[in-house]
Structures are given as C-alpha cells and as structure tokens.
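Shown next, in structure tokens, is the structure this report addresses.
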Amino acid sequence: MAVSTLLPDLPVARYDLLVVYGVLLTLLFWLRGWENGRDIAVIAVCHVIGLAFELVKVSLGSWSYPEPGVLKFAGVPLYGGFLYAAVGSYVCRAWHLFDLGLVRYRPRATAVVAAAVYVNFFSHHWLPDARWVLAGLLLAVTAGTSVCFTVRGVRRRMPLALSFVLIGFFLWVAENLATLVGAWRYPYQEHGWEPVGVEKFGAWALLISVTFVLAAVGRARGARVVDGASATYPPMDTN
C-alpha cells in the first residue's frame, strides 16, 4: 500500500491494483510451494469472514475506504478481505517456518470463544459489548496452553495468550501505518491523520484468536493429543 503511493497516475484505481496484487501473491506462494492447499483454504476462509466483517463495519460507519475502485462493493474494496487473508497467511507461514506445535491446547473451547469474539464485534452495535468478558474467557481457555516453535535449531515455548497479545500489538502498529497511507480511514481521521486508538490493540489481540483457530484446524492431522506436558496439537512433525 505504501509503495502504491509512489506510483504515477494510472488508469487503474489503487484499490483495484491491490486486489490483483493479493491474488498474484497468493498464487506465487502456492506455485513456489510456500503454501499448500490447506493453507490456501485457511487464507480463503479468512478472506471471506474478513470481507463480511468489513461490509458490516463500513455500513455502520466504523471506518471507510475513501478512494474509488471498480472492484468495490457496498463501499468495501475486495482487497479489504486480503487484509485478513494476509494475517492468515502469516500464521500459516509461521507454522511452516517455525514448526509450530501447541501444548495442552483445547481446540473446541478455544474455537467457541473465538467464534463468540467474532460475533461480538458485530453484536456490540446493538447489544452490550462483551469483549472484556470474552477476553477473560479467552485467557481461561488458553490457560496452560503454550505454542512451541523452533528458532535456529532450538525448541522454545511461549504462552498462547502472550502470542495473541504480541501479534495484536504488531497488527495495531501496522494499522497505524496503513491508515497513514490511506488504506482506510476512521471518522476521526477525515480531516487529517491521527494515530489509531490503543483500544484497537486489544481488539486485534482478541480477533487474532479467530485466525489462529482456523489455522490450527487447517494444520491438524492425526489424533488430537491434549494431555500431558509433552502433548502437542497438531503433531509437531506436520509440514
């Protein structure tokens, strides 16, 4: 998005170029073997649920896409879904590159809370906002759950909840940069850029749970072993 601001005036809208770029990049990753069929399926689901999220939020005035585009529906450019697909791609690539495994992971409970988190981002416009309750539930269902990863041949471990917080922080930083270059705009940025509120950091930390659950389902093979200190989900030898 930032690079596109340096391009000369083109007959194609910048938002439309980003759609083409997203499709070509996904195709490249698949052809090069960097992402497999399961990864592409996860990324596609992330794109669909992200686009649905965008359609509702934009219709409610939560943010807007100020630039024109042909590949735009109900005020939302199709590239909007790629923003969420990119997060899904990141999680899938991390699973490959760092040989991720989950210790004492509770797949069903985590999936239920993640689904509730997603629904709450819609429902809080009409019903009481339950994000703090859901944050507590997410901490509860991930208590004792660790994500294992390998860096330079050394196997390491991190609490899953902490990984959500760290990813959420960097997504919040990325959102500040994205709004700075006009990827989208919040109402308070209509007359000039302002930093994205820190509450969005918490929102991303919650929302990443949805992507993570989808990626875990896409990666799972074989029996789910969730008891014992050495048990992992999915098996650590998945590639």
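The count begins at 1 with the first shown residue.
Note: Cβ is positioned from N, Cα and C throughout, glycine not excepted.
A TrEMBL annotation is a machine prediction, not a hand-curated record.
If you look at the transmembrane segment (12-31), the same-chain residues 6 or more away from its ends with a CB under 8 A from one of its CBs are 1, 4, 39-40, 43, 65, 67-72, 77-79, 82, 85-86, 89. Residues or ranges marked as transmembrane segment in TrEMBL: 12-31 (among others).
Feature annotation from TrEMBL assigns transmembrane segment to 40-58 (among others). A Cβ distance under 8 Å defines the sequence-distant neighbours of the transmembrane segment (40-58), meaning residues of its chain 6+ beyond its ends; these are 26, 30, 64-65, 73-76, 78, 80-85, 87-89, 91-92, 118, 121-122, 210-211, 214-215, 217-218.
Outside the transmembrane segment (78-98) by six or more residues, the chain places 15-16, 18-19, 22, 26, 29, 34-35, 39, 42-51, 53-54, 65, 71-72, 149-151, 171, 178, 183-184, 208, 211-212, 214-215, 218-219, 238-239 with a CB less than 8 A from a CB of the stretch. Here TrEMBL flags 78-98 (among others) as transmembrane segment.
Through the fold, the transmembrane segment (110-127) approaches residues 49, 53, 56-57, 60, 134, 137-138, 141-142, 145, 203, 206-207, 209-210, 212-213, 217 of its own chain, all at least 6 residues removed from its boundaries and within a Cβ separation under 8 Å. Annotation comment: TrEMBL describes 110-127 (among others) as transmembrane segment.
What TrEMBL lists as transmembrane segment is 133-154 (among others). Residues 94, 98-106, 109-110, 113-114, 116-117, 120, 160-161, 163-164, 202, 206, 209, 232, 236 of the same chain lie 6 or more positions beyond the ends of the transmembrane segment (133-154) yet place their CB under 8 Å from a CB of it.
Cβ atoms under 8 Å from those of the transmembrane segment (161-181) belong to residues 1-2, 4-5, 83, 87, 138-139, 142-143, 145, 147, 189, 193, 195-196, 198, 200-209, 212 of the same chain, restricted to positions at least 6 beyond its ends. Taken from TrEMBL, the feature transmembrane segment applies to 161-181 (among others).
Marked as transmembrane segment by TrEMBL: 201-218 (among others).
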Contacting positions for the transmembrane segment (201-218) when only residues 6+ beyond its ends and CB under 8 Å are counted: 38-39, 41-42, 45-46, 49, 84, 87-88, 91-92, 95, 102, 105, 107, 110-111, 113-115, 117-118, 121, 131, 134-135, 138, 160, 164-165, 167-169, 171-172, 175, 233-234
